[in-house]
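Taking it in order: structure first as structure tokens, then the write-up.
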């Protein structure tokens, strides 16, 4: 029997458990997505100096709570970055980008001293990419050329109709990739001309994962 009646209750529990891993005061990097939204609603407790947002949606939610949102160009480093994931494995490698904010998420995470990932256990996987497609942000004019390259890597790219990123680009969701070496594949896809970035977060993995399971909260680190 689960401690939580719904998936949302699991997400709320993970968000609450993450607070102790985040700095009080200071500037926090904040990701995007349904789990992060639960966390954002708790952030006033931390009395942050400010936050750097990974998307316009996150920035808007932070501002509604009275939290100042600053441009990343004015920040040298962040004490922590907190975000969810579409998938995460025991190496703390992740697939992200279901909400199409992957590029800004990756940029903000890159200047953080630690990456706190908050998920429910449905996102914990043995191998990335089996159940969730890999999002790739692409400059619009390169969409078809990039898709052909992704096919040559063994993937089945699908154009995410009607979605334009905050950067004005499009998303290809790549199914059936065999992600055995996440670091190498992240590099390979990022080197395709026209790719802005892809949703593998392996070069800069999570520091700790806060995982809500049926039995409660587990804190996991790379194995």
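Here the Cβ of each residue, glycine as well, is placed from N, Cα and C on the backbone.
From a predicted model like this one, the values you see are computed outputs, not experimental measurements.
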Recorded substrate site member, picked from 10, 123, 149, that accompanies 32, 33, 34, 35, 83, 84, 85, 86, 96, 97, 98, 99 in Swiss-Prot: 123
Residue 96 (substrate binding site) to residue 105 (active site, proton acceptor) - Cα separation in whole Å: 9
Reduced DSSP assignment, residue 32 (substrate binding site): coil
Rounded to the nearest Å - Cα separation of residue 32 (substrate binding site) and residue 105 (active site, proton acceptor): 8
Coarse DSSP state, helix versus strand versus coil, of residue 83 (substrate binding site): strand
Site of maximum Cβ density within 10 Å, from binding-site residues 96, 123: 96
CB-centroid shell, 8 A cutoff, substrate site 32, 33, 34, 35, 83, 84, 85, 86, 96, 97, 98, 99, 123, site residues removed: 31, 36
